[in-house]
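Colleague: Copied straight from TrEMBL:
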DOMAIN    294-405  domain 'ABC3 transporter permease C-terminal'
DOMAIN    798-916  domain 'ABC3 transporter permease C-terminal'
TRANSMEM  14-36  transmembrane segment
TRANSMEM  284-309  transmembrane segment
TRANSMEM  330-360  transmembrane segment
TRANSMEM  380-403  transmembrane segment
TRANSMEM  424-443  transmembrane segment
TRANSMEM  472-496  transmembrane segment
TRANSMEM  516-534  transmembrane segment
TRANSMEM  792-814  transmembrane segment
TRANSMEM  846-876  transmembrane segment
TRANSMEM  896-915  transmembrane segment
Amino acid sequence: MFGFVINKLKNRKWLNLCLLMGVALFIALFVCHSMFEKGAGNQILDRLFTDHATQQNEFPAQMSREGTYAVADYPDSQSVLDKLSGYEQKWTEYVDINKVSSQQLITLPGGRADTEFGGPNNYFTIGYLPGLSEYADVVKSQTGTATFECCISEKTMDHYGLVAGEKIYLHVPDGSGKKEISFVISQICREKDINNPYWAKTLSDMGDVIFVSQDVFDEMMQYYSEDNISYSDFIMLDYRQINTENASLYDGYMEQFKDADKLYNDNIRDTLERFFTQQKTIKLMLWALELPCLVLLILFIRMISVQILSLEQNDILVLRSRGATKLQVFILYLQQSGIIAFAGCVLGIVLGYIMCRAAASTDGFLRFTAKDISTYKFVWQMLVHAVAAAVIMVLFITVPVWKKSKDAISERSSRGRISKKKPLWEKCFIDVILLALSAYLLYNYNKQKSTLAISVLENRSIDPVMILDNSLFIFAAALLCVRLTGLIILLVDRLFKKHFSPAMYASFLQLKRTRYNQGFLAVFLIMTVAGGIFDANMARTMNSNMEKRIVYNVGCDAIYNEDFRLRIQKNKDGSVSWMYDEPDFGKYESLKNEGICDGVTRVLEDERVDISAGSGSISDAYLMAINTKEFGETAKLQSDQNDDINDAHWFNYLNELAKEPDGVIISSNLAKALGLKVGDSLNYSRYVPEAVDDDQIYASENAKVCAIVKGFPGYERYTYETDADKNVTEQEKYLIVANYATVVEKFGMTPYSVWMNLSKGKTVDDIYKNLTSAQQLIDENKNSATVQITNGMFTLSFILSLIVCSVGFLLYWVMTLKQRELQFGIYRAMGMRMREVKAMLLNEQIFLSFLPLLAGAGIGIAATAMFVRLISIIYLPQKHNIGVNVYIYQSDMLELAGVLFVAVAVCYVVISRLLKSMKIAQALRLGEDS
């Protein structure tokens, strides 16, 4: 029997190869899902850990314990360190990740201290840091005569005004009261590499600690009457070893550590919690983006399998008439579909791997790159998905055979008739109902845009129905178009029936008889074209809006945040004075002379500014201090797609500011909040640096409003804050722009950033490797898992749409022509010319192909206008000075139209050749044999 099945496959090899292609693509898409999900998950984990390190300025995978031990139980430092090492060993026994480094610090309370040159009443803690000599450099050293030697950090030196060789007289408690112990500062140190994972606590964090050797620390413990010794233990783990497979397991272990030990802490669980939320979102997005493509492939496979089954209907009837049971016929076709599914499974796994890697390499729509995609690897779940998809395909292809094998050859004539029964969906107006449901969902989601945006910002799971609603709309609209096409055919036939030529009459007769059967092709074409147009426009809109917002937020080509050193001096009267050391700005001005930059300027920024006018006041406003000429040469204001953000070009506002040394430019929301207009006065105040005092105003300045703007380079109007319960609230940022010289004169030198306008052909690599640039942020955004999945899936969907539509369209018409070969032979025998036969087919093509293609284009454009802005909330949830604009690229539309035109042209050429090759005698003999 196996040989019989192989021969059956060979007899219709081209049809079966097309079916194999559809099955392989279906399985590949299933297989691609698991690989994409795991790869994107690992990418998200890596990105979350990296972002945590950047934003929190700490190693992103720490486990720690801080507390005290009784001196009676741990009489020396080594016993404490051994206890801490025991905790580390227990943690890593369960969380099986390589240790990168660990930092252990033990301290004694110390007490009031007098310094030799700096005065009395300072407070110091005595500490022992085992890794100090290995991870810190000695910048100054000097010996002296004292009871003990100690080491302090540069931070401690600056804060207390100490010098190397100075003595510290520490008053420590002993059994009889207070005893004075003298220390000499023998070394002043700083971190060798502050970015080394070892520095969980930096020397700046230990500003009041004087470090001693282990022997001195043990000796100091004998002087104290304190009952406890304090400790902190940090272990840094290799976060690259945390992946989607073990993240949940390790998170559970760390939860158990915390429940069992209240002093235990880590910074990993918060990252994993965000990961689990984003992972859930990724899963939903993948299914929502894949589902329309899977439906399209099912339609394609259904179309091919129906054609094969209709051609093999006689074979089934012959088998049944010769004594084969229904079960035997079913098993025969089960084997046939099983062979195709097995071959499709093998091809699908390979193709799915390639498709996933290709999709992951995209950084835009139809833009493939050679970037690192090492997180996307083969996973064992791909085999499970492949088998599941193969089983679905076997059942999908084989189950209709059971119904076909019920009848014997005696019912052949009745089964061969073309069905004129109206489909159930048309009787029940399913198309209208689905269209109404889609419109209702769209209306509700548009009303909830703000809530949905906040939900995305809070990392809660998205509603997949919001993404699928556009597919529902396209499907319902396709059904409606099929209904309307049928009505148009009937209307044209009724109006012009008496004027038709024989060929045209026969054409419309065929259209009326087969309009229910041919509706499947129309739905397939409409969904393919509309889906392709929507995918292209959605991807272009998302990418273009993201890029424009980033360019607007940065405000120029590149920004370098200089490292200003803050000097803090404690005066003898108890007050604190501070001053920033300005780096050399001349090195940036030289970039203009070297032709690397066209413009370079200082931009002083402060987000803790109080503004008052009349009886109103605003806190935490955003101050920008600029040199108007340099700023105009350097900065860029990204405009909206439709018009400029402001009422006039922003250079006009710079000119107004240049005329008023004490003038300011303010944002429109600030003007509205305080009731200000051009010419009014306001007062703005600034706070001392946070390292000195969190809440102390040190200077104020009166200013005149010389311009009011809606948008300004680098000014983002809306910000979002997360509270302790992780609820996100939207906040408005208020802008005030002042002259740089005036601000420095009134408030002193404070940190600024250097803005640059790169010359043509130059990149940030020509300046500094660690430079923050608009292009760098755009690249990082393109490489985020959510954007990458969207670009990848839309690209795959678009390409698959073109392939499936072209092959499906050509195959359907060729097979239809083959089935009507007898009919065309009879027409030719009756005297119909070949030109009239071609005209008849052209008329059918107009109603069954061209109209659906045009309808698909219209529906795709309508879906773009209706759904793109809504779905963009997933990728652009923040409000912004630049609204979401819909982008339609002509190149995408031309690519789609070009492929369809080629498919139609090839189809018509093939049909013409087939018609020419037909022989009337052969057709008549075919009729006699049948």
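Every residue number used here counts from 1 along the chain in the order it is shown.
Including glycine, each Cβ sits where the backbone N, Cα and C put it.
Automatic prediction, not curation, is the source of TrEMBL annotations.
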Colleague: Are there three or more C-beta pairs under 8 angstroms joining the transmembrane segment (284-309) and the transmembrane segment (516-534), sequence spacing 6 or more?
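Modeller: They are in contact.
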Colleague: When you check the transmembrane segment (284-309) against the transmembrane segment (424-443), do you get at least 3 Cβ pairs under 8 Å, counting only pairs 6 or more apart in sequence?
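Modeller: Result for the transmembrane segment (284-309) with the transmembrane segment (424-443) is no.
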Colleague: In the domain 'ABC3 transporter permease C-terminal' (294-405), how many residues does DSSP assign to helix, to strand and to coil?
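Modeller: Split into helix, strand and coil, the domain 'ABC3 transporter permease C-terminal' (294-405) gives 86 helix, 5 strand, 21 coil.
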Colleague: When the pLDDT values for the domain 'ABC3 transporter permease C-terminal' (294-405) are averaged, what is the result?
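Modeller: Averaging the confidence scores along the domain 'ABC3 transporter permease C-terminal' (294-405) gives 82.
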